[in-house]
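In TrEMBL this protein carries:
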REPEAT    36-69  repeat 'ANK'
REPEAT    71-103  repeat 'ANK'
Amino acid sequence: EITEEVIACARYGELSELENILKSCPVAYLASRDTFGNTALHMASANGHTKYIIQTLKTLESDIVNAQNELGNTSLHWSALNGHIEIVTLLISSGADVKIKNKAGRTAIYEAQQNNHEKVVEYLLTKMEPEKEPNGEDANGS
C-alpha cells in the first residue's frame with residue numbers, strides 16, 4: 001500500500017523513491033499516516049533526513065508542518081527530541097509553531113531540554129514570542 005511505502009521511505013531516508021511518490025500522487029502522500037498518526041514528515045524529522053525535509057517543504061503546503069500524531073507530537077517535537085538542529089530550523093522557517101503542546105502538555109523546547117539538546121533549546125527560545133498580558137503588553141511592558 002502507498003501509505004506504508006511513504007512512511008517507510010521517509011523513515012529510512014529513501015529520497016529518490018519519495019520524490020517519485022511526491023510527484024505522482026501528492027494527495028496520497030499528504031494523507032499517509034501510520035497507525036500512530038505519524039506523517040512522513042514526522043518520520044524524516046525524527047530520523048534526521050534533512051534532504052528529504054527540504055524536498056518535502058518545497059513541494060507541499062505548509063499545513064503539514066504542524067500536523068500532530070495521536071499523542072499530539074509534531075515533526076518539530078520529534079526533531080527537537082532527537083537534537084536535529086538543522087531540521088528544527090527548516091521546520092521553523094516553514095511555519096512550524098514552537099508553542100504547540102502534545103497531549104502530555106510538552107512543547108518541542110521541553111522535549112529538547114529533557115534530552116540535553118542545548119543548541120536546539122537555545123534556538124527555539126529565540127523563536128518564542130513574549131506572552132501578552134490582557135492589556136496587550138508583554139511581560140516587559142512593551
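Glycine residues also receive a Cβ, built from the backbone N, Cα and C atoms like all the rest.
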**Report entry** Structural state census, the repeat 'ANK' (71-103) (DSSP three-state)
**Finding:** 16 helix, 0 strand, 17 coil
Report task. Sort the residues of the repeat 'ANK' (36-69) into helix, strand and coil with DSSP and give the three counts. Result -> 23 helix, 0 strand, 11 coil
